[in-house]
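Before anything else, here's the structure in question.
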Amino acid sequence: MERNEAYWFSVALSCSFLLSCLLFSALSRQQRAPYMDEAFHVPQAQAYCEGRFGQWDPMITTLPGLYLVSVGIVKPAVWLLGWSGSVVCSTGMLRFINLLFSVGNFYLLYLLLCKIHHKNKAVSSFQRILSTVTLATFPTLYFFTFLYYTDTGSVFFTLFEYLMCLYGHHKTSALLGFCGFMFCQTNIVWTLFCSGTVISQKLSEAWKTELLKKKEERRSSINGSFSELIKVLQFLAGYIMSLKNLTMLIILTWPYILLVTVFFAFVVLNGGIVVGDRSSHEASLHFPQLFYFFSFSLFFSLTHLVSSGKIGNFLHSVRRNLVWYSILTVISLCLIWRFTYAHKYLLADNRHYTFYVWRKVFQRHEIVKYILVPVYIFASWSFVDSLKSKSVFWNLTYFVCLFGVTVPQKLLEFRYFILPFLIYRLNIPMPSLSRLFFEMASYLLVNAISFHLFLNKTFQWSNSEEIQRFMW
């Protein structure tokens, strides 16, 4: 990092942390008591603070990574500062843990942007810093920085795992993956992604060699050619069937394989992936989750995915491949018809934005979910098109992991989209300064609206005296 870049990065990080501290103070004054899922997380962490590690709330579905890390940070801190009494592991103190994680996320996002785009000499230091600030304030993630939820810590360890993977420190990466798994079990998918990243790099090298042998000058990235994809899949099958190649890949990725083995052992011993309340977190084949994710990504990447040129290219692609798009439309309609689910939490809890999205859009009329198919297809095409700079093997790895982390979820919950979105956003070509400014301005606007609603637009239920607030 050059001196000027280091200086401006420090300024950006300091200003971001100062603003977050001010918001943290305002939120903590307005909402002192645990809110929503904090009602489960805070007492559990406080039990660990008091040394009662055998106590467990059966409503909690994740492993105790958040509570163990919290105790490991809070206990030494209060001992050094000489604090005692109610301040130790108080709601405010526990929430502050996520504020510290957010600082780590800021730094990790910057390092990842530097690593992923290091070959592109046209990317300026200002673009990297502005991209970091933008991603660090990504609304769905940034909101939960101020509550005692698992998301901020989960993102921290997963991004750290990905960074170490890119630098080739695979044992360290797998260890960090285990930490991420302890925050949220579905993070095992991103361990598979890291392993797939290593494998895809080797496959890309072998594929280029194969093309050179055949004296074919073709790109190894997705270019919309179905015949090329078939050839790539045939090459992939042949490569993996080689015992020598398979042995090499196992040697390269054994730390990840070990962690995945531990995961499967946990699932067998636990009787499922969920730790506590399984009745409300059943796995399903909820294929429309992919459509929701692409629409979510389209909304938050509007400046990158929507332009007159993009729309023109999409329409041209439809005209050239009308039969394939027709088949895709029919498949999409069938998946929506057969596999659309409305979780009881989605229908009953009017504190979440998803409740209003579902009621105002999808429940307006039965036909609405089918009318949206063209939007889903455009969002999917734009999403895939933005990743065409990545190798076909990287794309296969990413989309398999995207499927694994979204489709089994029955509940439509925007928090489930945070990590796949960040991984995607980190890997698209670096946007221009004008697009970055527009993206950051839109994120800040969404954050301002979200915090305004949470802090100032409270309401009450008829059967409860507790103050209710709108949130992601």
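For all residues, glycine too, the Cβ spot is worked out from N, Cα and C.
Just so you know, TrEMBL annotations never went through curation; they're auto-generated.
Sharing the feature lines straight out of TrEMBL:
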{"type": "TRANSMEM", "residues": "6-27", "note": "transmembrane segment"}
{"type": "TRANSMEM", "residues": "65-84", "note": "transmembrane segment"}
{"type": "TRANSMEM", "residues": "96-117", "note": "transmembrane segment"}
{"type": "TRANSMEM", "residues": "129-149", "note": "transmembrane segment"}
{"type": "TRANSMEM", "residues": "174-199", "note": "transmembrane segment"}
{"type": "TRANSMEM", "residues": "246-269", "note": "transmembrane segment"}
{"type": "TRANSMEM", "residues": "290-307", "note": "transmembrane segment"}
{"type": "TRANSMEM", "residues": "322-341", "note": "transmembrane segment"}
{"type": "TRANSMEM", "residues": "367-384", "note": "transmembrane segment"}
{"type": "TRANSMEM", "residues": "396-424", "note": "transmembrane segment"}
{"type": "TRANSMEM", "residues": "436-455", "note": "transmembrane segment"}
Do any residues of this chain, six or more beyond the ends of the transmembrane segment (96-117), have a C-beta under 8 angstroms from a C-beta of it, and if so which?
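Distant contacts of the transmembrane segment (96-117): 1, 9, 13, 16-17, 20-21, 24, 66, 69-70, 73-74, 123, 128-129, 131-132, 135-136, 141-142, 144-149, 152-153, 155-156, 159-160, 162-163, 166-167, 422, 426-427, 430.
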Honestly, do the transmembrane segment (174-199) and the transmembrane segment (290-307) touch, with at least three Cβ pairs under 8 Å and pairs 6 or more apart in sequence?
no
For the transmembrane segment (436-455), I need the partner stretch with the highest count of C-beta pairs below 8 angstroms, choosing only from 129-149, 246-269, 290-307, 367-384, 396-424.
129-149
Tally Cβ pairs under 8 Å between the transmembrane segment (367-384) and each listed stretch (129-149, 246-269, 290-307, 322-341, 396-424), then give the stretch with the top tally.
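Comparing 129-149, 246-269, 290-307, 322-341, 396-424: 290-307 has the most Cβ pairs near the transmembrane segment (367-384).
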Any residues 6+ beyond the ends of the transmembrane segment (129-149) with a Cβ under 8 Å from its own?
5, 8-9, 12, 16, 20, 23-24, 27-28, 34-38, 41-42, 45, 66, 91, 94-95, 97-99, 101-102, 105-106, 109-110, 113, 155, 300, 414-415, 417-418, 421-422, 425-426, 430-431, 433, 436-437, 439-440, 443-444, 446-447, 450-451, 454, 471-472
